[in-house]
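Encoded as structure tokens, the structure appears first; notes follow it.
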Amino acid sequence: MYPSLFLFLLVLIIGAKGTQLRSDYYFETCPEAEFIVRDVMKMAFNREPRSVASVMRFQFHDCFVNGCDASLLLDDTPEMLGEKLALSNINSLRSYEVVDEIKDALERACPGVVSCADIVIMASRDAVFLSGGPYWDVKLGRLDSLIASQENSSNIMPSPRSDASSLIDLFSKYSLSVKDLVALSGSHSIGKGRCFSIVFRLYNQSGSGMPDPTIEPEYRVKLNKLCPVCGDGNVTGDLDSTPVVFDNQFFKDLVNGRGFLNSDQTLHTFPDTREYVELYSVDQDAFFNDFVEGMIKMGDLQSDQPGEIRRNCRVVNRQPLNLVADS
Ligand code: HEM
Ligand SMILES: *[C@@H]1O[C@H](CO)[C@@H](O)[C@H](O)[C@H]1NC(C)=O
Ligand SMILES: *[C@@H]1O[C@H](CO)[C@@H](O)[C@H](O)[C@H]1NC(C)=O
Ligand SMILES: *[C@@H]1O[C@H](CO)[C@@H](O)[C@H](O)[C@H]1NC(C)=O
């Protein structure tokens, strides 16, 4: 009846949700951006295959906290506690230097053009592809946040003790389905986790004084050796049995009770998620398709706060006031 009014309201809503992301965003301003990111990621992979998994994890920890805005990458300042030392990130997130390397290369080619938030999205896609997983087109055009909050990250990011039903609730807050949750958990097809993240399930699951009964006995012996009671919590183990290859082995391992993290193994124990675990364990194409869909949806989570293109991913650009004061 009032089509123009309807259109006006629609535009307002999209505007408030952030800018429209698109795959050719840097086509004119930095056409080589995606090649530069891929080259640095390839070098990182050759140096240390795990580092690309570590970088891929940034997408999850960035996008779930106030949208994909590189808030995760800000170092703490005397005025602001950032996300790097939040509960799920401290002594755990790593390979920030790979993002720095990508940013340096991009700043040399096209200064001030490509956001750190977009770097995380491109690098995550490349991490999966370099590890033998699927390739997909990423949407670009995000801005970098001016602030970060350690408290927000600590409140949001899930613990390795989580069970499937709490993860379903968490993901649903971001309009991510049960299928998205299971497919995205397949990111644990690459990378490692610390003993710190699993000792509770080896020795005192849910305060029972007993191990998690869903761990396959031989695998449990192996994990007990890797992570003895009162051992070094920083020792790491593989998240699945092929930790540098992005494949569906992770889901086969879950079916066999050989999931490293409690949060992963409960995806097989819990009926609503189990059907997807079983499907992906026998159908790698279904996993790859649903994973890509999930990564794109997660990448669409936007911040509603003002942003900028940071020159250094670790710090916000200097305010004009400071520039005046310095010169
Ligand atoms: C579903 C909820 C999730 C939980 C509870 C979870 C939890 C964890 C934990 C506890 C670790 C090991 C950390 C450590 O011990 O230091 C880990 C590693 C990892 N996570 Fe997740 N995660 C989840 C979802 C995701 C998603 C959605 C992604 C990416 C799309 C992701 C990517 C990774 C990667 C690649 C690693 C290995 C990192 C490395 O080797 O440095 N995770 N995750
Ligand atoms: C932290 O979360 C609160 C509540 O969601 C939000 O209002 C605030 O803007 C967030 N802070 C940052 C720095 O993102
Ligand atoms: C196991 O966990 C419970 C509850 O968190 C705790 O009270 C108990 O002391 C723990 N036992 C051991 C051996 O750590
Ligand atoms: C791991 O290493 C860090 C840095 O050396 C240390 O501060 C931390 O306490 C260690 N964490 C565990 C669980 O042992």
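Placement of Cβ uses the backbone N, Cα and C atoms for every residue, glycine included.
Keep in mind it's a predicted model, so treat the numbers as computed, not measured.
In sequence order, Tyr26, Thr29, Cys30, Glu32, Ala33 constitute the residues six or more apart from Cys110 (disulfide bond) in its chain with CB-CB distances below 8 Å. Positions annotated as disulfide bond by TrEMBL: Cys30-Cys110 (among others).
Counting every protein chain shown, 24 other Cβ atoms lie within 10 Å of the Cβ of Arg57 (site 'Transition state stabilizer'). What TrEMBL lists as site 'Transition state stabilizer' is Arg57.
Residues or ranges marked as active site, proton acceptor by TrEMBL: His61. Mapped onto three states, the DSSP output places His61 (active site, proton acceptor) in helix. Sequence-distant neighbours of His61 (active site, proton acceptor) (same chain, 6+ residues apart, CB-CB distance under 8 A): Leu72, Glu83, Ser88, Asn89, Leu93, Ser153, Met157.
According to TrEMBL, the Ca(2+) 1 binding site annotation covers Asp62, Val65, Gly67, Asp69, Ser71, Glu83.
Taken from TrEMBL, the feature disulfide bond applies to Cys63-Cys68 (among others). Long-range neighbours of Cys63 (disulfide bond) (same chain, six or more residues apart, CB within less than 8 Å of its CB): Met298, Gly299, Leu301.
Its own atom aside, the Cβ of Cys116 (disulfide bond) has 30 Cβ atoms within 10 angstroms in the protein chains shown. Marked as disulfide bond by TrEMBL: Cys116-Cys313 (among others).
Within the same chain, the residues at least 6 positions away from Pro158 (substrate binding site) whose Cβ sits under 8 Å from its Cβ are Ser88, Ser166, Leu167, Leu170, Ser263, listed in sequence order. In this structure, Pro158 (substrate binding site) belongs to neither helix nor strand by DSSP; it is coil. Here TrEMBL flags Pro158 as substrate binding site.
Every protein chain considered, the tally of other Cβ atoms within 10 Å of the Cβ of Cys195 (disulfide bond) stands at 18. Marked as disulfide bond by TrEMBL: Cys195-Cys227 (among others).
According to its DSSP assignment, Thr242 (Ca(2+) 2 binding site) is coil. Residues or ranges marked as Ca(2+) 2 binding site by TrEMBL: Asp240, Thr242, Asp247.
In terms of Cα distance, the binding-site residues that sit within 10 Å of Cys116 (disulfide bond) are Asp69, chosen from Gly67, Asp69, Asp240.
Closest to Ser71 (Ca(2+) 1 binding site) in space, going by CA atoms and restricting to the recorded positions Cys195, Asp240, Thr242, Asp247, Cys313, is Cys313. Here the Cα atom of Asp62 (Ca(2+) 1 binding site) is found 5 Å from that of Cys68 (disulfide bond). Separation of the C-alpha atoms of Val65 (Ca(2+) 1 binding site) and Arg57 (site 'Transition state stabilizer'): 13 Å, rounded to the nearest whole number. Listed recorded positions: Val65, Cys68, Cys227. The one with the lowest count of other Cβ atoms within 10 Å of its Cβ is Cys227. Between the listed binding-site residues, namely Asp69, Asp240, Asp247, the fewest other CB atoms within 10 angstroms of a CB are found at Asp247.
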